[in-house]
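S.K.: Sharing a structure here in structure tokens format.
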Amino acid sequence: MWSGRKLGSSGGWFLRVLGPGGCNTKAARPLISSAVYVKNQLSGTLQIKPGVFNEYRTIWFKSYRTIFSCLNRIKSFRYPWARLYSTSQTTVDSGEVKTFLALAHKWWDEQGVYAPLHSMNDLRVPFIRDNLLKTIPNHQPGKPLLGMKILDVGCGGGLLTEPLGRLGASVIGIDPVDENIKTAQCHKSFDPVLDKRIEYRVCSLEEIVEETAETFDAVVASEVVEHVIDLETFLQCCCQVLKPGGSLFITTINKTQLSYALGIVFSEQIASIVPKGTHTWEKFVSPETLESILESNGLSVQTVVGMLYNPFSGYWHWSENTSLNYAAYAVKSRVQEHPASAEFVLKGETEELQANACTNPAVHEKLKK
């Protein structure tokens, strides 16, 4: 491994670097400065002169132990910036997380890779606002969503979270990418009003399901479901954190040949509208599949409408065609009162007849029969 040469200054630096990790470099230094290596010309193996062996025998043993200890530490070493991703985050794809981690500092560049999302706010913010206003009997002008509690799942840098907060809502934005949340927190700090209305957390949806069950008036998952690895679990969690009668808003990409051609081949590989690897066609979901899963979890789909993006103008507009992007709005069913059992109803009718029997002879005769 060492080609019969002395472990010189570079080797000493290597051991010194490993020193803070707990390796005993003091035991290795005598070997570096005094041990003599002789290369066997026939076998190419390493040998030590007999006179030197006795003198440095103890040093050799200590040094080998030191080196092996250091190598074991190297095997288990993890750079401090290499984030560990919990396996309990069942819907979070670690590959997707790494993709967005590399772009975390670009969220608020309106001319950068997230320009389409900035432009999408022209559609999705009114879409959310107008549908929520249908559930609010009286709203305050200028702050129409005042009093509403909204969860923005996969909030990224807060591009949609902030407009919802400006409409008066109390918004919690969650994202599994720590750098995304740092960017979002930094940006909202420039607006004291938003700083009070918006809260950001580094977590997945599954991690807050129990503590936030039936807490939110609305859940928003915009451009998120095409990145999760377990769609059914994700949507089930969305339903669980909604109040009865709460609203769920989703924008995503349909799973069609057209979406593959334009959403991946053109947008990523040709025009570079979004970075390569941002989307995986297999994760795209059709409106029919989405509606089926939502209805199985007690949500009723109210609206599905297509969205089209013009890469030349940079604007979005609504469309009847849902072959590419689309928005969906669903409402969680309200808790229904359980109907009284037949036994309970019969018992009530009997007690009523007995009470009337005291004053009505006809009823008394009826009970005898």
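Just so it is clear, glycine is given a Cβ too, placed from its N, Cα and C backbone atoms.
Quick paste from Swiss-Prot:
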| type | residues | note |
| --- | --- | --- |
| TRANSIT | 1-85 | transit peptide |
| BINDING | Arg124, Gly154, Asp175, Ser222 | S-adenosyl-L-methionine binding site |
| MOD_RES | Lys143 | N6-acetyllysine |
| MOD_RES | Lys149 | N6-acetyllysine |
| MOD_RES | Lys196 | N6-acetyllysine |
| BINDING | Glu223, Glu226, His227 | Mg(2+) binding site |
S.K.: What's the number of neighbouring CB atoms sitting within 10 A of the CB on Ser222 (S-adenosyl-L-methionine binding site)?
M.R.: 25
S.K.: With Arg124 (S-adenosyl-L-methionine binding site) as the reference Cα, tell me which of the recorded positions Lys143, Lys149, Lys196, Glu223, Glu226 is the closest one.
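M.R.: With Cα distances computed to Arg124 (S-adenosyl-L-methionine binding site), the winner among Lys143, Lys149, Lys196, Glu223, Glu226 is Glu223.
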S.K.: Please report how many Å separate the Cα atom of Lys149 (N6-acetyllysine) from that of Ser222 (S-adenosyl-L-methionine binding site), as a whole number.
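M.R.: Lys149 (N6-acetyllysine) and Ser222 (S-adenosyl-L-methionine binding site) have their Cα atoms 17 Å apart.
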S.K.: Calculate the distance in Å between the alpha carbons (Cα) of Lys143 (N6-acetyllysine) and His227 (Mg(2+) binding site), and round it to a whole number.
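M.R.: Each residue's Cα considered, Lys143 (N6-acetyllysine) and His227 (Mg(2+) binding site) end up 32 Å apart.
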S.K.: Which ones are near Gly154 (S-adenosyl-L-methionine binding site): of the recorded positions Lys196, Glu223, Glu226, which have a Cα within 10 Å?
M.R.: Glu223
S.K.: Hey, how far is Asp175 (S-adenosyl-L-methionine binding site) from His227 (Mg(2+) binding site), Cα to Cα, in Å?
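M.R.: It is 12 Å, counting Cα to Cα.
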S.K.: Return the residues near Glu226 (Mg(2+) binding site), defined as same-chain residues 6+ apart in sequence whose C-beta is under 8 angstroms from its C-beta, sorted by sequence, else 'none'.
M.R.: Thr252, Ile253, His279, Thr280, Lys283, Phe284, Val285
S.K.: By the count of other Cβ atoms within 10 Å, pick out the sparsest of the recorded positions Arg124, Lys143, Lys149, Lys196, His227.
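M.R.: Output over recorded positions Arg124, Lys143, Lys149, Lys196, His227: least Cβ neighbours within 10 Å is Lys196.
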S.K.: Quick one: pull the CA-CA distance for Ser222 (S-adenosyl-L-methionine binding site) versus Lys196 (N6-acetyllysine), whole Å only.
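M.R.: Pair distance, Cα basis, whole Å: 23 Å.
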S.K.: For Gly154 (S-adenosyl-L-methionine binding site), list the number of other Cβ atoms lying within 10 Å of its Cβ atom.
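M.R.: Looking across every protein chain shown, the total is 25.
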S.K.: Near Glu223 (Mg(2+) binding site), which residues of its chain come within a Cβ-Cβ distance under 8 Å, counting only those 6 or more away in sequence?
M.R.: Leu117, Met120, Gly154, Thr251, Thr252
S.K.: Run through the Cβ atoms and count how many others sit within 10 Å of the one on Asp175 (S-adenosyl-L-methionine binding site).
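M.R.: The answer is 28.
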S.K.: Suppose the Mg(2+) site is Glu223, Glu226, His227. Which further residues of the same chain have a Cβ inside 8 angstroms of that site's Cβ centroid?
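M.R.: Apart from Glu223, Glu226, His227, the close residues are Gly154, Val224, Val225, Val228, Thr252, Ile253, His279, Lys283.
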